[in-house]
Protein chains: 2
Amino acid sequence: MTSRLSSREHYADLLDKYDTWLFDCDGVLWSGDKTIDGAIEVLQLLRHHKKSVLFVTNNATKSRANYKKKFDSLGVEAHVDEIYGSAYASAVYISSVMKLPKDKKVYVIGMGGLEEELREEGISFIGGTDPADNTLASFSLANWTPDPTVGAVLCGLDTAINYTKLSKAFSYILRNEGCAFLVTNEDSTYPTSDGLLPGAGSISAPLRYALGRNPIAIGKPQRTMLDCIKAKHDFDPKRTIMVGDRLNTDIEFGKAGGLATLLVLTGITKESELSGPNASPTVADFVTKSIGDLRALIS
Amino acid sequence: MTSRLSSREHYADLLDKYDTWLFDCDGVLWSGDKTIDGAIEVLQLLRHHKKSVLFVTNNATKSRANYKKKFDSLGVEAHVDEIYGSAYASAVYISSVMKLPKDKKVYVIGMGGLEEELREEGISFIGGTDPADNTLASFSLANWTPDPTVGAVLCGLDTAINYTKLSKAFSYILRNEGCAFLVTNEDSTYPTSDGLLPGAGSISAPLRYALGRNPIAIGKPQRTMLDCIKAKHDFDPKRTIMVGDRLNTDIEFGKAGGLATLLVLTGITKESELSGPNASPTVADFVTKSIGDLRALIS
């Protein structure tokens, strides 16, 4: 059962119970280029109460350093080591979990931020923002020399997605023995201030469909993301809460990690999806309209 | 049970039993730009025996008129009215089955051949090969004026697939009330002479994934394609055979229509997939290595 928060006492109770606050960003702290009303004050309040504040985003188009600039531009206080993105987690997964040999490369479908995180982890890659692969020219296997050292394909949101990238990624997974198929995250849509657009999960859907095979996914709700945070940051799951706007990513992520979960309704999930015949099977521990509601504590 | 054909008597029996021969093309008559050895002679033999020969292809990148040129270039005899493509069938479906009102448009993800068939059926469309939509520039809903008269999205193989097209198609289906979601066919891969590339089904996979919704599919194995042929060409299903290289498109198509089916192994399906624990549940009535095997009848 979800507890619906509405009074100062409810919020004070939450503040008491949880020391570490994990936040999704898009749809929770901001929507596109607009901060959610009250979000800045609430984060200040948490910091004032000596809470650990961490930001956990599936957005893999930006590196942590670049994501920090987004916080800065919106006037939201954040430090690079508080930010965990699926691009960073993907790089950590490749270097530390799957331990891709140093003489192997990653073929990237994704943007500059994903490349930046791979580079920081010392992972060799091709594709991505390479102009040769950012083309609408026709692709032919006959005119292509595949790189036999590609040992993984990593696919994230890429707004320059095209048939050349899809064909190369498909061919590497199909032809290079043992080539891994990884996706930064599986979000079906991507929220912008003007509405939804296809998300990272949709960009990798052609590979999934053509190969008839599911990838290893890194971002929320996968455990990989939490392992990545835990490796850098000690916290007690019992005194940790995950705040998010998506039931099937944020809330499932929190629940899978044994964390408390707080759903806000300023993003993807709408009030109407919480009950009735079409209600999601995933239920958050707490729900409140907006993170800004916690301003009730400021008086 | 599949009958494996191997002798002159087997082929003579087939010739006796069936008056109408439906052929898939890629992987049956040719592979990329090379004809399958013996295919031309076998088609001549069938015509010599007064058989009806029809070509049924899921390829929606070419109009029938253009597909005819492919036959010509390979020296394979064919007439435009013998060719049934999923582009043509899609246009017929939109105008005659769903009866899209004349003041409504189709948003197209697809190539020139698909547009040509829509134009011939008098269907208004946007997108497709329009240079404005064939771009890798970033797409923003804020800078876009959607067309409220779009009443259907039709997606086929499009080697100029990009984020602008996917975003527009996604938004039309999501926002325009009653907007239909159609795909020319669902082939996961597309055979070229140098190997497989992602097919039409893979191009529409992002929409399927982002929308969480399945499209209406037109091409094989769907019944729509057979209805389209029947409307133009009278044949007795009991004396008709479908020849193809894909179990999950060609052979299922034939079986669903009550036709006999002949699987050839010159395309997608390999000998190893016909038995054992990973064998397909779809079983053709007959199997032979290549359509060229029927040359045994020429002596």
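Cβ atoms are placed via backbone N, Cα and C, with glycine included.
Please treat TrEMBL annotations as automatic predictions, because they have not gone through curation.
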Query - Matching residue for the Mg(2+) site, where TrEMBL names B:D24, B:D26 - out of B:D245, B:D285, B:D293 - result: B:D245
Query raised in the report: Given the recorded positions B:D24, B:D26, B:D245, which one's Cα is the least distant from that of B:K220 (substrate binding site)?
Result: B:D24
Report summary line: Least crowded of the recorded positions B:D24, B:D26, B:D245, counting other Cβ atoms within 10 Å of each Cβ, is B:D26
**Report entry** Local Cβ density at B:K220 (substrate binding site) - other Cβ atoms counted within 10 Å
**Finding:** 32
Query raised in the report: Which residues, in sequence order, are found in the same chain with Cβ within 8 Å of the centroid defined by the Cβ atoms of B:D24, B:D26, B:D245 at the Mg(2+) site, excluding those residues themselves?
Result: B:C25, B:G27, B:V28, B:L29, B:T57, B:P191, B:G244, B:R246, B:D250, B:V264, B:G267, B:I268
Query raised in the report: Whole-number Å distance between the CA of B:D26 (active site, proton donor) and the CA of B:D245 (Mg(2+) binding site)?
Result: 8
